[in-house]
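> Annotations for this protein, taken from TrEMBL, read as follows:
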type     : residues                       : note
SIGNAL   : 1-25                           : signal peptide
DISULFID : Cys35-Cys52                    : disulfide bond
DOMAIN   : 66-217                         : domain 'Cupin type-1'
BINDING  : Asn111, His116, Glu121         : oxalate binding site
BINDING  : His114, His116, Glu121, His163 : Mn(2+) binding site
Amino acid sequence: MQIMKAKYLITVVALLASACTLTSAYDPSPLQDFCVAVKDPASALFVNGKFCKDPKLASANDFFFSGLNVPRDTSNPLGSNVTAVNVDNLAGLNTLGISLARVDFAPYGLNPPHIHPRGTEFLIVLEGTLYVGFVTSNGDGNRLFTKMLYPGDVFVFPIGLIHFQLNVGKTNAVAFAGLSSQNPGVITIANAVFGSDPKINPNVLAKAFQVDKNLVKYLQKQFWSNNN
């Protein structure tokens, strides 16, 4: 079993290396939600990404992250937990256009519909059985692509498209994801629509979803769990 897991981890590393070929298409496009221009550089607080350390002061620890072998707590309403490794916790990823995540699933746990606005994702299953899918854009007719994944299977979610992963098994599941951005971002659809701060006007959502406004208000009062 340990040999098999090691083989899958090696595969993950190889896939991450291959993801570098995707980065030229997207990075260095926006590396955060927005970057408002300023006329006076002295008043600037951020760059598109992160400020760079003097290369002479860099060390091996700038390129090191430990702990992805440790299962995460999935005792939340979604039954999943995403451990992201991106430029925010691995500084050496800055400007390299790549990141990684471990996704733990409880039995029947869900990584709910979400998007990565700045990165394509590929997923490899290490343990368990996952039902995964994505939905295409309006212009393509919102087609749904789904697949049942087993250990060793890989699936790609194109940049910016709504996608999800559901553990359909009675045991825990583990997957690793590689993303084509140092900071791909994540927008969980339900959280963004019904849990925004401040709340979206219920009339807007009632019209958009063609439901009663009271249902919208009910949904806006719920606690929207974050598994990231």
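Positions of Cβ are set from backbone N, Cα and C atoms, glycine also.
TrEMBL: automatically predicted annotations, no manual curation.
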> So if I draw a 10 Å sphere around the Cβ of Glu121 (oxalate binding site), how many other Cβ atoms end up inside it?
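Here the count is 24.
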> State the Cα to Cα distance, in Å, between His163 (Mn(2+) binding site) and Asn111 (oxalate binding site), rounded to an integer.
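Given the Cα positions, His163 (Mn(2+) binding site) is 9 Å from Asn111 (oxalate binding site).
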> Between Glu121 (oxalate binding site) and His114 (Mn(2+) binding site), how far is it from one CA atom to the other, in Å?
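His114 (Mn(2+) binding site) has its Cα 12 Å from the Cα of Glu121 (oxalate binding site).
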> For His114 (Mn(2+) binding site), what residues in its own chain, 6 or more apart in sequence, show a Cβ-Cβ distance under 8 Å?
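Set apart from His114 (Mn(2+) binding site) by at least 6 residues yet with Cβ under 8 Å, we have Ile162, His163, Phe164, Val186, Ile187, Thr188, Ile189.
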> If I take the alpha carbons of Cys52 (disulfide bond) and Asn111 (oxalate binding site), what is the distance between them in whole Å?
33
> I want the residues beyond His114, His116, Glu121, His163 whose C-beta is within 8 angstroms of the mean position of the Mn(2+) site's C-beta atoms, in chain order.
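Same chain, not in His114, His116, Glu121, His163, Cβ within 8 Å: Ile115, Gly119, Phe134, Phe157, Leu161, Ile162, Pro184, Val186.
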> Taking the Cβ of Cys35 (disulfide bond) as the centre, count every other Cβ atom within 10 Å, in any protein chain shown.
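For Cys35 (disulfide bond), the count of other Cβ atoms within 10 Å is 13.
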> Given the recorded positions Cys52, Asn111, His116, His163, which one is most crowded in terms of C-beta atoms within 10 angstroms?
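Per the Cβ count within 10 Å, the most buried is Asn111.
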> About how far apart, in whole Å, are the alpha carbons (Cα) of His116 (oxalate binding site) and Cys35 (disulfide bond)?
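Cα-Cα distance, His116 (oxalate binding site) to Cys35 (disulfide bond): 18 Å.
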